[in-house]
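*Asks:* My structure is below; once you've seen it, I'll send some questions.
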Amino acid sequence: MAAPAKRARVSGGSPLVAPCPSPRAARAPLPLPAGSSGGEPEGDAVAGFLRWCRRVGLELSPKVTVSRQGTVAGYGMVARESVRAGELLFAVPRSALLSPHTCSISGLLERERGALQSLSGWVPLLLALLHELQAPASPWSPYFALWPELGRLEHPMFWPEEERLRLLKGTGVPEAVEKDLVNIRSEYYSIVLPFMEAHSDLFSPSVRSLELYQQLVALVMAYSFQEPLEEDDDEKEPNSPLMVPAADILNHIANHNANLEYSADYLRMVATQPILEGHEIFNTYGQMANWQLIHMYGFAEPYPNNTDDTADIQMVTVRDAALQGTKDETEKLLVCERWDFLCKQEMVGEEGAFVIGCEEVLTEEELATTLKVLCMPAEEFRDYKERAGWGEEETEDDSLAITDIPKLQESWKRLLRNSVLLTLQTYTTDLKTDQDLLSNKEAYATLSWREQQALQVRYGQKMILHRVLELTN
């Protein structure tokens, strides 16, 4: 799938509107396969899935096996023999993919395509899943047997609100989840439920449930793939998500050793580096911060493993820090005027965030321009505003790498520092509290899964923010 952007510079609306995550996520270790909770034992579920693979032409290399042994979480794929870089691990024929185009109600979904349009773009796939899940003779039943138990998904959207706020306040996750829940409910009652009721012969009462729909949204968010557009198709809408059996079994680490390749007839998983016998095969889904991982997949990478981790400074926080530094009402009005100017230039927004990574500022132009405009002398701002701030001579000065922070003007550094301090106040714990928990193995072991994952998210963000503080001294 196409890798998601690290963060839009001016964000608004639900994360569900964004493209699906790219190649699949690791899941939390708690969920068991759906088949294991009913009648089919776990070993039979794997054997049934492998028989299904042979039947549908899904070619697994004899060098790999599906297993729960030797994996970081749940089911995974392990090398039975050493694998060379470039070797084919498995190939999935397009006929085995589960999508609105391959499901048993594909004709109906195509005819009703206009009525099924939504912000997420996921409704046709979700309806396909709802229909196939209830069908005893669904061609994908052996594939479903390896799914995690839907009632035990660990996404924060399934946490009690109090727990979500207590553990993740300040990280950006609670706000993203609230938008998700609002959009899911709206999508279900305005589009999905009316469609199922209009075709009650195809959707039994057992699947007409907001709870089940929310669980499937989480599963699609974590397990689906999105085929990238061709280079010359950038103007087109993103491709719809689809389910890729076998590919979604792979777990994730940043230093992955496999990659999914798309062709006309097959989707192929290929080793990107040598894999030793007994080692797990990992996919990746792009550069994602820990807050994105826990939001979309229910897990976070332990510090400092996630080299793609980021911390956000809300854009309005920088405005608030600038307002706090004013001495009178006149200065406050000047700050507001400059903020309005930045909004009109689409440099900032009420729901946007400046994104700072481990080694770079990912929104360098936006942050540099904002600091400059909010800190420049009044006369200079008037000239800048008249030129609309976009003179060619300005562009070279608007880059901002982490290593450049100590070289900034003192007024810029002061505003950035105050913005970071305000951001740190939004968390429920301070850095030392989190640090003490992480360094105490016994105390860490007593934490629940959710507490451990939330701690990793908070700590990684705070370490980035504290580094910025040090650089502004």
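Numbers run from 1 along the shown chain.
Glycine residues also receive a Cβ, built from the backbone N, Cα and C atoms like all the rest.
Remember, predicted model here, so these are calculated numbers, not experimental data.
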*Asks:* Of the residues Tyr188, Tyr189, Tyr266, Tyr297, only one is listed by Swiss-Prot in the S-adenosyl-L-methionine site with Ala73, Gly74, Tyr75, Tyr223, Asn251, His252. Which is it?
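*Replies:* The record-listed residue among the candidates is Tyr297.
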*Asks:* Looking at 1-23, 300-322, 415-437, I want to know which stretch Swiss-Prot calls region 'Disordered'.
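*Replies:* It is 1-23 that Swiss-Prot describes as region 'Disordered'.
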*Asks:* Can you find which of Trp122, Trp140, Trp147, Trp291 Swiss-Prot lists as binding substrate at the same site as Ser224, Gln226?
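*Replies:* Checking Trp122, Trp140, Trp147, Trp291 against Swiss-Prot: the substrate site match is Trp122.
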*Asks:* For Gln226 (substrate binding site) and Lys179 (N6-methylated lysine), determine the Cα separation and express it in whole Å.
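*Replies:* Given the Cα positions, Gln226 (substrate binding site) is 22 Å from Lys179 (N6-methylated lysine).
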*Asks:* Find the shortest Cα-Cα separation between Lys372 (N6-methylated lysine) and the recorded positions Lys63, Trp122, Lys179, Ser224, and name the residue that gives it.
*Replies:* Lys179
*Asks:* Closest to Lys179 (N6-methylated lysine): which of the recorded positions Lys63, Trp122, Ser224, going by Cα position?
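*Replies:* The smallest Cα gap between Lys179 (N6-methylated lysine) and any of the recorded positions is with Trp122.
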*Asks:* Could you say whether, by DSSP, Lys63 (N6-methylated lysine) belongs to a helix, a strand or a coil region?
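*Replies:* In the DSSP reduction, Lys63 (N6-methylated lysine) maps to coil.
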*Asks:* Which whole-number value in Å describes the distance between the Cα atoms of Lys63 (N6-methylated lysine) and Ser224 (substrate binding site)?
*Replies:* 25
*Asks:* Would you mind pulling the DSSP three-state label for Trp122 (substrate binding site)?
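*Replies:* Once the DSSP labels are grouped into three classes, Trp122 (substrate binding site) ends up as coil.
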*Asks:* Of Ser224, Gln226, which of the binding-site residues has the most Cβ neighbours inside 10 Å?
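*Replies:* In terms of Cβ crowding, the pick is Ser224.
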*Asks:* Applying a 10 Å Cβ distance cut-off over all chains shown, what neighbour count does Trp122 (substrate binding site) have?
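*Replies:* For Trp122 (substrate binding site), the count of other Cβ atoms within 10 Å is 23.
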